[in-house]
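**Student:** Encoded as structure tokens, here's the structure I'll be asking about.
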Amino acid sequence: MEEFNRTFFLWINATPHAPQAWLMFARFIAKDVILVIPLTIVAGWLWGNAARLPARRVIISQATLTLIITLLLAQIIGWLLPHPRPFAIGLGHQFLPHAPDSSYPSDHGCAIFSFALAFLLWSPSKWPGLALLLCGLAIAWSRVYLGVHWPLDMIGAFLVSLASCGLVQLLWPSYGNALVAALQRLYRRLFGYAIRRGWVQN
């Protein structure tokens, strides 16, 4: 498995001859596309069709809970099973500054894949989940291409995200309604003025 990981990494990883424009594009994907997550949370919670908003807020709550659980599991796995990044062992070429901490599983991969899978599993419309999944695949490619992750870091992130979705699916019938109600109360308390002014939805 480790040999496959290294071979696949070297096949994807950029070389010093890679075009600068392509490297800049990969850096944008690796660093900035992840912002689609907070933008989706904020826009999906604050604005939209009033009739569809309650159901959308439930999905956003499920996706955010899945994201939190996935990142917690990733931290535990990284602590229990530390794995060096490619540049830490002198393999390949690094084109993105990064601390030499444990690479497995990828935090970026965990974040985007957990959010994408949550929307694919629980949203009536599959288009948001598919769009997020495409973002996830792009982020996974870019971070391997730039030399800061292994391919198996991304595969592991996908599997941890899938496990987190399963855990949320089990917990949601017992605790989901109470969680959403608590978030709604907190939201109305914090955004009361903006709600009254009509800047955001109730």
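The backbone N, Cα and C atoms fix where each Cβ goes, glycine too.
Sharing the record's features from TrEMBL:
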DOMAIN    58-169  domain 'Phosphatidic acid phosphatase type 2/haloperoxidase'
TRANSMEM  20-47  transmembrane segment
TRANSMEM  59-82  transmembrane segment
TRANSMEM  102-122  transmembrane segment
TRANSMEM  129-148  transmembrane segment
TRANSMEM  154-180  transmembrane segment
**Student:** Who are the chain neighbours of the transmembrane segment (59-82) in space, where the CB to CB distance is under 8 Å and they lie at least 6 residues beyond its ends?
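**Tutor:** For the transmembrane segment (59-82), the far contacts come to 37, 40-41, 44-45, 101-102, 104-107, 110-111, 113-115, 117-119, 122-123, 156-157, 160-161, 163-165, 167-168, 172, 176, 179-180, 183.
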**Student:** Counting only residues 6 or more past its boundaries, what in the same chain has a CB within less than 8 Å of a CB in the transmembrane segment (154-180)?
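**Tutor:** Answer is 57-58, 61-62, 65-66, 69-70, 73-74, 77, 104-110, 113-114, 116-118, 121, 136, 140, 143-144.
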**Student:** If I take every residue in the domain 'Phosphatidic acid phosphatase type 2/haloperoxidase' (58-169) and average their pLDDT values, what number comes out?
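**Tutor:** When the pLDDT values over the domain 'Phosphatidic acid phosphatase type 2/haloperoxidase' (58-169) are averaged, the result is 95.
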